[in-house]
């Protein structure tokens, strides 16, 4: 009892410590302490006001191929105010090709590798690419400054098929190239990085990709999207101050992003295509996405006008502005989609405030947007901790650690019980004592001990399968990586697949063997143990194991469909294990009772005591 209590106390303290670290690391909404890093003073002028200059905007989508009838929606566009543009309309066709497309690679392909996406990059970047593939730097020049857009290409070369294309990889040479691009961008007003993978799904050598892009205002990506609708908003901020903004997919959900730099203040809105009007408040900008390290936030306090971008298929008829529920007035049209309303920001310099803009067009459509802002730089908001966890955690490192821990725990248990003498249990034969006894039996019978030990070691060291890793190229998959076409791709998703294999089959198989051996030690055969009358305890065990076995069979089917017949035939961890498992289970129930004699006597002795 004392030992069990001690374990519970330690587990509780560990859980509390982990929760404290999580909340401290990823944060909750609320004002944290001021940022400790000093920053270079910025000029408070020019501040957002009456002028139609010092602003441009663009689009980001995650689809490469244009769809019929959608015109230039596929291409990101940079625009400056143009009086020739139809008043208040969304200039999709007019904006086409003015700036680079910001791609997140479509899920339609089997692989994200360079061999799969190169032909699309040649199309997407024909207007502005410095290089046809790989990472590169594009400078968007305006009369009021330069803005750098850096492509982060972490695609694996050669690109394996699913699921091993989930993580991107950067080698030392690529990191050095990206560092050079980051230094080149230091002369620009702002730099925006963009790519497919989130930083949490990129493997990179020290100091890490987040450190390399620390001078960027934002990193735009489109890999996890909304996690199937579970996380509608996946945004966070790196510890260095860079925003990481995941975008929902265009392919299925028609998500896209409009972003703007208004007097060097960065704003954006994630939208659904076909919903009009489109509204983006550029001044005052959202407090949540403000960064004193990268933006001249003091310009908000010196601004003279609230500024809004409003687009629609019909002319804009009304742009109403409210702050903290109080109607301030109707914004007037300035140029193109820009609407402005005079204000005094010093009236709102004491705390946080909520601005709401309601836009209506001549077709009767209406859109309301709002966000929290503050004119003070010492007030901050923190992002959703779950979104921050997803985007800031190095998932590959976590997967590696978990994989190694699970394997070590299983091996330690097996080897310990193998060489440990039978313990003298005291007290009633409860769950813990019977579990210990069943592990004792499994470890002492060589055929089962060596089978489970071999399976665990093979999961770590042995080749899982040999098959067509990428189109036309045969390779070999291990837990620690993949060998294909003379290349070694370091392990990433392989560790996650290994964890799933351990948790959903290897360990349950070991537990099922222990439970079956315990039934044999009670003197039951397969038939007799079914007639004990304890159906609610016995049948679920067999059904659960059967369900997991079906999962193992399905994994063989998935392997065949993805990597071909060769992979199905030469897959010790999938196909061969699926065939051997029924044989191993049959051995348990047909094992000669004489071999269990010692254990039966030990169990009876314990039960009688």
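Every residue, even glycine, has its Cβ placed from backbone N, Cα and C.
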From 376-396, 397-417, 418-438, 565-585, the residue range that TrEMBL assigns the feature transmembrane segment: 397-417
Transmembrane segment range according to TrEMBL, out of 447-466, 467-486, 587-606: 447-466
Region 'Disordered' according to TrEMBL, located in which of 68-93, 94-119, 120-145: 68-93
Winner by Cβ pairs under 8 Å against the transmembrane segment (493-515), considering only 397-417, 447-466, 535-554: 397-417
